[in-house]
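Here the structure is laid out as structure tokens; the discussion comes afterwards.
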Amino acid sequence: MDLGSDNASTLLEDYAQSVSELTFNSRPIIDNLTTIAQENPANADGILNIITNRIYKAIPDQKLYALYLLDSICKTAGNPYNILVGDDIFKLFSHVFQLGNETIRNTLSSKLFESWKVTKVRGNFPLFPREQLDKIKTFLDKAGYPKKNGNGNSPDLSNMTLIEDTNSLIAVFQSRLQSHPDAKLSDRFNALQELKKLLLSQQMKPAELKAVQAQLNTIKEQDNNHNSNINTPMPTPATTPAATPGASRVEPVKNEADTLFQALLLYGLVKVDQDPIPGSKPDYSIVLPKIKYQIPKGDLSNSALQDILTANLHSSIHRSEYEKIKFGELQVVSKQIASDLQGFLNNNKPRISDLNFLYDAKSSKCALCGKRFSTDTDGATKKRLHLDWHFRINKKLSSSTSNVQSRNWYLDDYDWVNFKDDALLEFSTSETGETKDAGIVAKTNKVAFVAVPANDSNMNNRCIICRESVKATYNDELGEWCWFNCVRAPGEGKNSRKIMHASCAVESSKKRGAEDEVNGLKKQKV
Amino acid sequence: MSIPGFGAEAQVYSETGSKGLVEVAIPEGSEWRIEVPHKTILKFKVTEGVAEIFGTELPINVELQISGTKTMVYAPIIYETFKNKTVMSNESEEIVEYLSNDSVMANYINLHLVVEAMRQQVSDNNILNPTELQSGPRVLIVGNGNSGKTSLAKLLSAYAIKSDSTPVLVNLNPRDGVFSLPGSLTATPISDSLDVESANGWGFTTTSGSLFHNPKQPIVKNYGFVDVNENLDLYKYQVSKLGVTVLSRLEEDIACRNGGVIIDTPALGIKDFTVIENIVSDFEVNLIVVLGNERLMIDLKKRFKHKSALQIVKVPKSEGLVEVDEAFIRRTQEESIKEYFNGNYKTRLSPFKTDIDVNDHTIYKCVLSSDVNSALSFLPAEPSSSNLDNSILAITQLPSTHKSGRELLNTSILGYVHVSKFDDAKGKIKVLLPFPGGFPRNMLISTNIGFNE
């Protein structure tokens, strides 16, 4: 037994490792882990420990996948798993439910739980103890789940719905073929493939569609019988009646284990009428997927895997709070337009909750111009700079009668290509702009005058920028006639009369920013 | 409800015959469609809720003035506690205004979501793979006349800036002066919100100095006519020149690269396929949006079958579109020319009148395609009062030391001046410059754009 326990610990380690990989809804992983559990009933305690641990410890979005695994094991392997975990099932279910998001809650309440109500393990025992299931039902009733949605039950027949239906059947048949090769099965599998091709290639009339649907239903029926044929001869494992106290009062549903339907139920492709009349056949209906226009292509788990990979990759990019919201909302759009761009344009009904990045995520609105800012640190800084800018501009526009400062010609191609619009905005340039201003002002505070050239007798001058006249005044300290608050135009000689107001100079240098060097040269030539 | 301070202001309106204030509540998802003739001013302010003009959100309790426009105010959201309310002073019976819930805005918002999702993918890629940079979506808007192409371009630009993206807006319709004068073809990075009060609803540029809105910085190519068919060869040539410049900007500027390009066009149909094809290749367009013309979309899909990377979609045109007549277009052009020189009520500009000697300058004129075999040439124009008076002269970036008119094909525009009078006898031209300063000694092109002060 030493060897055995050694093997067991390796097995459990490997198992725990694989379970931790259940970060997305992966059919292959779940199938594989289910098979291992089925083959090692001796380690049921250990395996269940691992899974329940995973359910409790995984992040909320991933709990569901571990619960799926548990569900798959209980349904496929049954005893001893369903009995061992039976008394905890309410705790586990409510745990995942409470921490899950809306989608998870809907899945749990309308699909998983519904399937538990009707699933029977060998020997006609319910999957989980009746009292636990009742507890879950009471719990869900209080929470108001499952939510009724009117359109889910009566899907319009179209090629699309039937293709999905066929796809799910093909997937089931494929996995079954791999485990139990069977000539009949493979015939039926091929027939389904043909049917899918047909559905994909041509538009069918409603009557034809109905016929196809009937055909599909027949295949399902046959498949049910087929399953019961496989399952009945199998030795019925001993069950502990004590563990299933309500066994005798169970809802009378179909007697035979129905793995195919359980699979379909589990993945929400088929919905069961919630309260079947005793003795009657339950009413099955196909459930339309929630997201429109997403045709499952190839292996579902692959696309899920891809999602996870991209999400991981993209999470490495640093984003502000606002950018995170925008990213999330646009990811949803990206997925939908990948399959049908025109359909999205025509039919998507944009709701305000999908447009947070245009409105609510930028909830701080400038009172002067209506520009929106986010409330994160990035947005707060921008808003502060923005308001400063309004203040500066308003002050300037109210103080000067004419608005002729810092006006420019258009740029030429070369300058435009290398121009950065940041130089026009209130945000990124303001830092450098303000320090530059400060520098010029500080300098001009000391020497903000131009001495009238010695050989010049005309004391009246004009600012070359704003054209306002400037009169020279005599300064005792300097002993010279000076034009105060003015600077000489850049590049002019000592005796030049070309002067401009210090404030005009600051304005023009600030507004022009980087492109000024290039333009300045040109202008002087002019 | 009473609006503080509004009563006093209403007095001002009475001069022009105010009939008092009208309160309009715009339900969620509805449009308040307004038609204001030229010379008539509509003053209004949004008092509650959220309201947009072609994607540009309006401030609350700030009075706005619009004139000479057919536009709409759209209310995207309604909060429990707010109503989207607008107050306007209805001072003229000429103003047409009504509410409509028959909006195609949902489709246009979807289009923005699509374009923005593409930008998101590109910008993420550009962070993750800095060695293999991609460019954001290059969106081409095509459709018949009066199908709302410019409005859609405006809307996409405004929503882009709301989403923190900086697309380059390209205007290939010489009829409209976008950030410039009519007759020009321009490309402008949209780095800040648009100015809904400006003459054509786009806004001002660095030519205008200090502004209430951040100015934009366009690149301006001269075409010189308002109709594409006047000189189709020159038009195509300038479009492809502009394409080169824009794509180079995308190479240099990561913000523009991620933002992509939005291209507005003149009315083009399938008969103009070569023009569309040129634009598609010049700007590396990867998304064509056909406005309200199913047939055109199908034809384009057929013709562009070989381009697998090019997606072609359609969006419906708005029921609110109104036919604009030639006179209205002409007035709008005049308004944008006036705004270039004089500004508007908020931003008063001081243009500068001066005389220049005709002998100091060489004025070229582009030839009409019917005049010469090769339409791609400029001939020195014989200056005369008949061809210069009351017209717009384009100053090119080329110093007048260049002696060949050929080079004019490869330059862009430094600015525009208006010629009010040419004195044949003295050889003096009276010009209006946008701002004081020396007259640039660059080569000049006389355009077919006329303007009376």
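In case you wondered, yes, glycine gets a Cβ from its N, Cα and C as well.
Summarising the annotation, Swiss-Prot assigns ATP binding site to B:Glu31, B:Lys70, B:Asn146, B:Ser147, B:Gly148, B:Lys149, B:Thr150, B:Ser151. Sequence-distant contacts of B:Lys70 (ATP binding site), defined as residues of its own chain at least six apart whose C-beta falls under 8 angstroms from its C-beta, comprise B:Arg33, B:Ile34, B:Glu35, B:Val36, B:Val322, B:Val324.
Most Cβ neighbours within 10 Å, among the binding-site residues B:Ser147, B:Ser151: B:Ser151 holds that distinction in the structure as shown. Largest Cα to Cα distance within the recorded ATP binders B:Glu31, B:Lys70, B:Asn146, B:Ser147, B:Gly148, B:Lys149, B:Thr150, B:Ser151: about 18 Å as a whole number. The Cβ of B:Thr150 (ATP binding site) has 20 neighbouring Cβ atoms from other residues within 10 Å, across all protein chains displayed. Secondary structure at B:Glu31 (ATP binding site), as computed by DSSP, is strand. DSSP assigns B:Lys70 (ATP binding site) to a strand.
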